[in-house]
């Protein structure tokens, strides 16, 4: 083996077939994933429990939020395997099937969250910009459940190839779980990876920005309804827009920018291992931002839903009062 600026390159292989020295992953990913697991798992369970407890009065946005929390919960359940893997220095002992499943769950959560947040934003857009139009109110919750079913089918179709490309391999005498694909399949993965970014992120992000631009113009107009109820409605819509945009910018945008750059460089012939390793480190360094979406989503829910935000406070007051009565 031949060392090249900290990157190991096997002799006789193409210059872009490198084995990276990624010690930063052991320091960065286990703590971040542990926080996401410890914080995100109970938060999403609470969101699901609260929405299910109010199932008779569910709005369309609540139905979308419930499915968003389910996607986050499924991903959080896969994190213990990744925490163990990176804490052991990128050693994967769980087999090829578990590797494919974990990679699929990551991208299914990522693109499911993007689409469900887009659905929530579009529902808010309809309520603000077309409040009296009857066509978007037909079907009620049943229509929302149909939309969620379509979203899950689309996400599964989008992300199923990740389970095909992801695989285990041997590097430095240990088994690793490739995130995107083995290096030998990098050229074949490129069209799919780029299409997934465009269809699974860029198009929903563009639609979301268009909705929020229309909403901002409508909210800034002075000829709308007046009064405290209308003002509260506008404030709630503004909060939703700011928080959802923040989730996209923090969680999704850096990850997709660095992933796209890495895919392009990885598939370019003649790229040296140090350059390739730099792009790989940038891409893998933004993975925690994408994972943080499982924590940010339930915070978004509580920040924008006043009714559900009051429930934990009321429950805490009841428990405190009961505890004080027992002490007397």
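Cβ atoms here come from the backbone N, Cα and C positions, even for glycine.
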### Query
So, residue 55 and residue 177, same side of the membrane or not, per Swiss-Prot?
no
### Which listed span Swiss-Prot calls transmembrane segment, if the choices are 281-303, 304-326
281-303
### Task
Tell me which range among 7-27, 28-48 Swiss-Prot lists as transmembrane segment.
28-48
### Query
Roughly how many angstrom lie between the C-alpha atoms of residue 99 (disulfide bond) and residue 173 (N-linked glycosylation site)?
18
### Neighbour count (Cβ, 10 Å) for residue 173 (N-linked glycosylation site)
5
### Query
the topological domain 'Extracellular' (84-101): which same-chain residues, six or more beyond its ends, come within Cβ distance under 8 Å?
22, 25-26, 29-30, 33, 78, 162-164, 166-168, 171, 174-178
### Message
Within its own chain, what residues at least 6 apart in sequence put their Cβ under 8 Å from the Cβ of residue 177 (disulfide bond), listed in sequence order?
### Response
85, 92, 94, 99, 102, 103, 166, 167, 168
### Query
Within 10 Å of the Cβ of residue 99 (disulfide bond), how many other Cβ atoms are there?
23
